[in-house]
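Noted in Swiss-Prot for the protein shown:
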BINDING   214-229, 477-487  FAD binding site
BINDING   356-370  NAD(+) binding site
DISULFID  Cys344-Cys347  disulfide bond
Amino acid sequence: MLDANLKTQLTAYLERVTRPIQINASIDDSAGSREMLDLLEELVLLSDKISLDIHRDDNQRKPSFALTTPGQDISLRFAGLPMGHEFTSLVLALLQVGGHPSKAAAELIEQVQHLEGDYQFETYFSLSCQNCPDVVQALNLAAVLNPRIKHVAIDGAWFQDEVQARQIMSVPTVYLNGELFDQGRMTLEQIVAKLDTNAAKRDAAKIAAKEAFDVLVVGGGPAGSAAAVYAARKGIRTGVAAERFGGQVLDTMSIENFISVPETEGPKMAAALEQHVRQYDVDIMNLQRAEQLIPAGADGLIEIKLANGASLKSKTVILSTGARWRQMNVPGEDQYKNKGVAYCPHCDGPLFKGKRVAVIGGGNSGVEAAIDLAGIVAHVTLVEFDDKLRADEVLQRKLRSLHNVRIITSAQTTEVLGDGQKVTGLVYKDRTGGDIQHIELEGVFVQIGLLPNTEFLRGTVALSPRGEIIVDDRGQTDVPGVFAAGDATTVPYKQIVIAMGEGSKAALSAFDHLIRTSAPATADSVAQAA
């Protein structure tokens, strides 16, 4: 199951283990149990610190296996086969159960260790989901750190009865003590913030006490990361306030056009961005959403008010708030979000195996989604508002070659239908004849572009009719000292490599602004100061 190269790498990782790892496997006579045992038996051969016990017990999930160590009360289990994107989760779990320290911040680790109460987490994932490992790894670490936290990571494809009973149509989906806890990508910081009700107040007080920055970057995507690095390299006080570090990149499956890196995945790039920024003296403030920008007053400081009630001040600000998936804004979309309405075909596609779905949008993203889904689902209907598809010709040719795809153009989606629990259909208007049409299906994947995260700037910073921040060729906005970069701006072509360049440029422009505004007004002023 593991090739020679992977075994060599894994053997090297397992040398970091400092205490015994006990694997307790719960199996039956299924082919899945045999497949899981093949993997576990290979792991045992890679380290003398790993042992395997096989049980034909009454565990509700078979095949599954738990990881523990003598003398420690750890409850961490994988149900299914953690390969694909989740293989890294398995490796990290082995290391952490085996005593290798986590790289999480010491303050966060202490917060997890002191959580009060009993928490039984269940995370449903799919092997093709790039968002799932973050959640699985966060909760696995929590289970290692705190004996009152238990976690089971469940491959939804292997436990379809549970998925259907709980009507799970989006991953990752997390249950806590039998009740729905949350869905979508979550960091350990975000999870702890939901469990520790006083965390937000403590965080706000800590932020409010910070001194003013020279450069404050709002947003932690490619543009914000580049801006932070370039600003910090100038030796000036730099801060980053971000709702989630990595931004939209975290939701990108495959990246093949970032020059010098032939192929990577969004979460890997996001992790690399944060690692690079942390090499410099940058104050990173995660889980922070900006709600208002107040231009500089008499003190020369721009103020950013945050959703938690705290405020940050800075001599200059770089706005790199990025963009989010654009919604259809039709009846039923919000009601059935994560109940059949989805925005990530890579994550949620496997949950619709054998079902009928629609993809809304005929650009590159929509056509790529339809092609990917066609290999999983029973049938795909692609719905495009325009009278023709806008995707690259090579993608259109591939799409039209698929036998289980129907293309509808000149169609305006008007409603998502459901039975109160899940999606059952879609309504669209034929824009050529005006007829109303219904499609029976179980899933709707929305791929109609991005919407800039700039609502909090309305009335303060000049925005285009599309809501993008208007910038000049130096990244300057119409507010002195406020710069902007990335997908939230009017700069054409929303690409990672372009966003990084724009972020770097904005930082250099901000530094130039600081020099010019702090310089003495006249030569006489310099002489007097001397």
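Each residue's number is its place along the chain shown, starting with 1.
Quick reminder: no glycine exception, Cβ is built from N, Cα and C everywhere.
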DSSP three-state assignment for Ala485 (FAD binding site): coil
I need the CA-to-CA distance for Ile360 (NAD(+) binding site) versus Ala485 (FAD binding site), whole Å please. 29
Could you state the whole-number distance in Å separating the C-alpha atoms of Cys344 (disulfide bond) and Gly362 (NAD(+) binding site)? 15
Count the Cβ atoms, other than its own, that fall within 10 Å of the Cβ of Thr477 (FAD binding site), considering every protein chain shown. 24
Just counting, how many other CB atoms are there within 10 A of the CB of Ala226 (FAD binding site)? 27
Same chain, |i - j| six or more, Cβ under 8 Å of Ala358 (NAD(+) binding site); the result in sequence order is Val380, Thr381, Leu382, Val383, Leu426, Ile439, Leu441, Gly443, Val444, Phe445
Tell me the Cβ neighbour count for Pro222 (FAD binding site), meaning other Cβ atoms within 10 Å of its Cβ, over all protein chains shown. 30
Residue from Asp214, Ala226, Thr477, Gly481, Ala485 whose C-alpha is spatially nearest that of Asn364 (NAD(+) binding site), among the binding-site residues: Ala485
Rounded to the nearest angstrom, how far is the Cα of Arg356 (NAD(+) binding site) from the Cα of Pro222 (FAD binding site)? 36
Alpha-carbon spacing, Ala370 (NAD(+) binding site) to Gly481 (FAD binding site), which is rounded to whole Å: 44
